[in-house]
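Participant: Below are the features I grabbed from Swiss-Prot:
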SIGNAL    1-23  signal peptide
DISULFID  Cys35-Cys181  disulfide bond
CARBOHYD  Asn54  N-linked glycosylation site
CARBOHYD  Asn118  N-linked glycosylation site
Amino acid sequence: MVGQMKSFLFLFVFLVLTKTVISARKPSKSQPKPCKNFVLYYHDIMFGVDDVQNATSAAVTNPPGLGNFKFGKLVIFDDPMTIDKNFQSEPVARAQGFYFYDMKNDYNAWFAYTLVFNSTQHKGTLNIMGADLMMVQSRDLSVVGGTGDFFMSRGIVTFETDTFEGAKYFRVKMDIKLYECY
């Protein structure tokens, strides 16, 4: 009988300790799924190059000459956003804001802008800001708010440079994932 009690006690303690160790492990967090997800293309034509009439952005300050990476240059833009890569497609929104080059030893810009939607599909705005590490293939900026169809939205915009034609034109694929939708 004493042998059975010892075996039972040992088994009981073993099970309690095993349960404690298992429950002490942190559960793995699964990635939340976006409540809205869509892709847009950002088209930028710089002022002062070949296509002045169709320019959608202009430098309002020039770099002061501190390096070879445009450090200090400030650009204001009002760029069309399309659902495909074609610049001639009907814009579904306008990206209105600015970016400035903020790194002396590599290309890097800091963006702050509003996507202004006025289409049959969406009405309202999304506010986006953050660092664009241009030399990285895929980079994320923050969606920090919105209005209308995007009231108080938050999320991530993943940038991928799709086309780059020097100081003339560039196109960025923007994968917009909203995680807070009201």
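Yeah, the Cβs are placed from backbone N, Cα and C, and that goes for glycine too.
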Participant: Of all the glycosylation sites given, Asn54, Asn118, which residue's CB has the most CB neighbours within 10 A?
Facilitator: Asn118
Participant: Would you mind reading off the Cα separation of Cys35 (disulfide bond) from Asn118 (N-linked glycosylation site), to the nearest angstrom?
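Facilitator: Their Cα atoms are separated by 21 Å.
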Participant: To the nearest Å, how far is the Cα of Asn54 (N-linked glycosylation site) from the Cα of Asn118 (N-linked glycosylation site)?
Facilitator: 21
Participant: Return only the integer: C-alpha distance in Å from Asn118 (N-linked glycosylation site) to Cys181 (disulfide bond).
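Facilitator: Checking the Cα atoms of Asn118 (N-linked glycosylation site) and Cys181 (disulfide bond) gives a distance of 19 Å.
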Participant: Is Asn118 (N-linked glycosylation site) helix, strand or coil when read with DSSP?
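Facilitator: Assignment for Asn118 (N-linked glycosylation site) reads strand.
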